[in-house]
Amino acid sequence: MATLQDIGVSALINLFGAFLFLIAFAVLRIQPINDRVYFPKWYLTGERNSPRRSDRTLVGKFVNLNYKTYFTFLNWMPQAMKMSESEIIRHAGLDSAIFLRIYTLGLKIFAPVMVLALVVLVPVNVSSGTLFFLKKELVVSNIDKLSISNVQPKSSKFFFHIAVEYIFTFWACFMLYREYNNVAIMRLQYLASQRRRPEQFTVVVRNVPDMPGHSVPDTVDQFFKTNHPEHYLCHQAVYNANTYAKLVKQRAKLQRWFDYYVLKHQRNPHKQPTCRTGFLGLWGKRVDSIEYYKQQIKEFDHNMSLERQKVLKDSKLMLPVAFVSFDSRWGAAVCAQTQQSKNPTLWLTSSAPEPRDIYWQNLAIPFISLTIRKLVIGVSVFALVFFYMIPIAFVQSLANLEGLDRVAPFLRPVTRLDFIKSFLQGFLPGLALKIFLWILPTVLLIMSKIEGYIALSTLERRAAAKYYYFMLVNVFLGSIIAGTAFEQLHSFLHQSPSQIPRTIGVSIPMKATFFITYIMVDGWAGIAGEILRLKPLVIFHLKNMFIVKTEEDRVRAMDPGFVDFKETIPSLQLYFLLGIVYTAVTPILLPFILIFFAFAYLVYRHQIINVYNQQYESCGAFWPHVHGRIIASLLISQLLLMGLLASKKAADSTPLLIILPILTLSFHKYCKHRFEPAFRQYPLEEAMAKDKLEKETEPELNMKADLADAYLHPIFHSFEKEVELSSSSSSEKETHQEETPEVRVDKHETQSSSPVTELGTSSHHHHVYNSTSPSSHYASAYEQSSSQYEYHYNTHQYEEHEYRYN
């Protein structure tokens, strides 16, 4: 069990590590060569240029020669606090702003309660002496005397703990209500203030019935013209284009090589670039690089055009899914919230995600298999949770060396060394647990994808839910149970079964020492590592040296990342759980929790402003999950305290806690009915008000033209019609120029993107793909440098969307 000395060693190690990370970040961020790594958000919005261009000296292009900036290396902290919440919403979206509010909620809940608990409960716990009399039977440390374990059984002092639990519950519920209300208002205001966006007018229809003699588009068109004649506008069929998407990815690679050799030739016109045609360009016939890749692209485009025509013509590749658009938000909201058919399993409608939020691959999953998939994944997650009990038990064995010493005395020569003992108990357990948890979010996201959800935001929320249950069962309950077993192994083996509940009741509060070490590793050093961005830094420079060939490649190499909701939100909920549970049990843990919330808020604020570029905008759809799991933490805390008092034989005071879970559940039920509907559906009142305002300001608005291809698969995004390859070079050129429109969105707007200019805003450009053969265009680009980039940059869009369907 970790002692005060062990906690001190762990604190020094983690504080020193965090300090080193912050110093390294402060120095690396001001170097010109690293500017794209630490400020990619501003490059994507077009508001920042590389400082290397303005410095004329060779050394100055790589190293910051202004010595004054090294004395203000901590100025990133006040800079991160300057941007207001409304500015963050405009800059990074509502999801990012609401995510930051989780940290401020933690500070608001725990700061006043920490003062109360430290002033009231710590003196009460210390003044008792139960552990002094039990130290021969149990493994205890000085820090455990600050916990409820040190209070004597049947003591009247337990009324103080019950009073603090009541005060904390009422305060937490008050803050949760205020925050839920504020977030709901922010969401509705954000939706009301948005420009026209395709998801506001569109629903996704699944399980379209197969009508003999009718195609899916005809069936959908006829059904909605019949049942929604006043508001139905158009629809977009969905194709299984996963095979074609792979071809798009391969073609993009060829395009990048072609761009690279064209640029290389422009820089040195007197030398013709060449390459070998063999494996990895290491052997084979040496050929003209530009002509070789131009021919490769021409042949590839021919194959892609054939595949595209196959996708559009083959009825087997047309899915029983459609995106149906209406001429008003009200019409779309009514359709999404009502049953469309007397058979409730057909014509299933729901509000459409925004176009960049769609996970296209899962649209091809048959609806009938979704239930089976969810059942299989549910069983798999259950098995995974219990499989991970093994490494959790191993971690707890490291944290409880005294318990092992009594059973295995041969370990004493190693564990008696002070530094080894402090390192093993104070630092290593938290680090080991962090390592074991590292790969889990990715595994759980893959499981969520298998379940068949069609929106990335939903996938991440489902993965986050799985990760939370995992953290609850394994990290919290598993660490307590396994830790208590290892800690008091000698007692369990040498005492009567009737004494085991008393031992558990005394030992559970002592696990706060393990969680303190975990908080310092994950919440202090881990958060400092987040701002350092060591992995993206190394990868960027490796790509810059070996892979980057064009400016487009350099933009891709920046990899700004995004707030990983599937990992960060469950981790946050674990911190809430620890703080809530240990407030009345071991309040000494609260200062460590508060330091985490304050430091993490500062770091993530900086990252959201300067680094992250979100994949999608869900308008804070994750908040009901955050609220619900904090309520669950309150219930766990109350039940745990009841169990502890029962094990302490506090028969007079324990019944006073029975009413608390009932009040908490009643509060949760009220909030669920009061606020959650606004996060599930678009209110008809809001939709109608927005429609009326729009009709008054733009009475001649043509919505059909804007919504026609808003939900076309990204690789078919510019148009949906068959294209015949022309053998004439001039014909090819005309076809390309006519059928490859470039859909641009204002790059200075950083809210959720949309592929339709009139309907959305974006933080980066969206470009459209043309599946016709552009061979003549490549020749023109090769000969006329002024026109080459107009086409070449179009391939970037496919790779942005590739991860969604591949």
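The count begins at 1 with the first shown residue.
Even glycines carry a Cβ here, placed using N, Cα and C.
As annotated by Swiss-Prot, compositional bias 'Basic and acidic residues' applies to 731-750.
Marked as compositional bias 'Polar residues' by Swiss-Prot: 751-762.
For 775-786, the entry in Swiss-Prot reads compositional bias 'Low complexity'.
Annotation source Swiss-Prot lists phosphothreonine at THR735, citing a large-scale study or a structure entry.
Taken from Swiss-Prot, the feature region 'Disordered' applies to 726-786.
Swiss-Prot lists 7-27 (among others) with the feature transmembrane segment, giving sequence analysis as the kind of evidence.
Sequence annotations record features per position, and here Swiss-Prot assigns transmembrane segment to 102-122 (among others) based on sequence analysis.
Here Swiss-Prot flags 157-177 (among others) as transmembrane segment.
Outside the transmembrane segment (375-395) by six or more residues, the chain places 429, 432-433, 436, 440, 443-444, 447-448, 450-451, 466, 469-470, 473-475, 478-479, 482, 486 with a CB less than 8 A from a CB of the stretch. For 375-395 (among others), the entry in Swiss-Prot reads transmembrane segment.
Annotation source Swiss-Prot lists transmembrane segment at 427-447 (among others).
What Swiss-Prot records for 467-487 (among others) is transmembrane segment, and it gives sequence analysis as the kind of evidence.
If you look up Swiss-Prot, you'll see 512-532 (among others) marked as transmembrane segment.
According to Swiss-Prot, the transmembrane segment annotation covers 576-596 (among others). Nonlocal intrachain contacts for the transmembrane segment (576-596), taken as residues 6+ away from its ends with a CB within less than 8 angstroms of a stretch CB, comprise 106-107, 109-111, 113-114, 117-118, 121-122, 143, 146-148, 161-162, 164-165, 168, 172, 471-472, 476, 508-510, 512, 515-516, 519-520, 523-524, 527, 629-630, 633-634, 636-637, 640-641, 644.
Taken from Swiss-Prot, the feature transmembrane segment applies to 626-646 (among others).
Look at Swiss-Prot and you will find 650-670 (among others) tagged as transmembrane segment, backed by sequence analysis. Sequence-distant contacts of the transmembrane segment (650-670) (same chain, six or more residues past either end, CB-CB distance under 8 Å): 153-156, 158-159, 162, 165-166, 169, 173, 176-177, 628, 631, 634-635, 638-639, 641-642.
For the transmembrane segment (157-177), the list of distant contacts is 105, 108-109, 112-113, 116-117, 120-121, 124, 127-128, 148, 151, 580, 583-585, 627, 630-631, 634, 637-638, 641, 645, 648, 650, 653-654, 656-657, 660, 663-664, 667, 671: same-chain residues at least six beyond its ends, Cβ to Cβ under 8 Å. Within the chain carrying the transmembrane segment (102-122), a Cβ under 8 angstroms from the stretch's Cβ atoms is held by residues 146, 148, 160-161, 164, 167-168, 171-172, 175-176, 179, 569, 572, 575-576, 579, 583-584, 587-588, 590-591, 593-594, 597-598, 600-601, 604, 626, all 6 or more beyond its ends.
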